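Engineer: Per TrEMBL, Zn(2+) binding site is recorded for CYS43, ASP45, HIS99, CYS102.
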Amino acid sequence: MTDFYKKIIENNKKWVENKLAISPDYFKNLAEGQNPPLLWIGCSDSRVPANEIIGAEPGEVFVHRNIANMVVHSDMNMLSVLDYAVNALKVKHVIVCGHYGCGGVKAAMGNTSIGIIDNWIRHIKDTYRFHQHELDAIEDEKERFNKFVEINVKEQVMDLAKTSIVQNAWKNGQELSLHGWVYGLNDGYVTDLGVNFSCDTDLDDVYQLKF
Ligand SMILES: [Zn+2]
């Protein structure tokens with residue numbers, strides 16, 4: 001076994017000990033069930049760990065992660081997570097969190113074939129196409145990249161708002177808010193991108209949203 005592999009097993013033991021030292025019933029209580037107020041849809045990037053960024057403990061955030069934090073309507077994995085979070089756990093917030101420097105978004109800006117992932121990146125490329133006029137007008141490549149990351153998050157929040165799961169929750173008056181964030185790898189801060197939707201939101205505004 002590699003040192004790294006041994007180390008992570010050791011780390012787990014230490015983590016359990018630390019938790020039990022604070023509360024002897026820590027795991028017993030967690031095993032009773034979960035009632036997280038939040039669903040997090042984020043990027044798979046190792047530098048953007050959902051719980052740590054927002055100071056959440058186990059049990060406080062339901063998580064779905066994929067490359068470039070996409071909400072793809074035909075993705076059964078995402079839909080299953082969303083359905084369970086909204087209809088079974090009754091989360092009150094869903095946050096789509098992208099991040100600057102996202103490799104998936106960067107790849108979607110180029111034409112290099114990487115492999116299987118090309119098929120996933122097609123969805124991100126669609127987002128670029130929807131906003132091509134605005135994005136192509138930005139000459140500075142870094143600036144364009146950052147803007148694309150932000151636009152991609154906003155687009156995913158809109159797609160989330162359009163899912164039958166969210167629409168039905170709102171129709172039934174369920175308390176559920178959607179938010180779009182972007183995380184800065186350089187400084188650790190998240191920025192709220194101002195796409196906050198709830199059952200009070202006029203859906204015509206969502207469909208016609210320009211950014
Ligand atoms: Zn990423």
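Heads up, residue numbers simply count up from 1 along the chain you see.
Using the three backbone atoms N, Cα and C, a Cβ is placed for every residue, glycine included.
Each of these features: where is it, how hidden is it, and who are its neighbours?
Structural biologist: Taken residue by residue with DSSP, CYS43 (Zn(2+) binding site) is part of a strand. Just so you know, the Cβ of CYS43 (Zn(2+) binding site) picks up 25 other Cβ atoms within 10 Å once every protein chain is counted.
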Engineer: Excluding CYS43, ASP45, HIS99, CYS102, please set out which residues of the same chain place their CB within 8 Å of the center of the CB atoms of the Zn(2+) site, keeping sequence order.
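Structural biologist: The surrounding set, listed in chain order, is GLY42, SER44, ARG47, VAL48, ALA68, ASN69, GLY98, GLY101, GLY103, GLY104, VAL105, VAL149, TYR183, LEU185.
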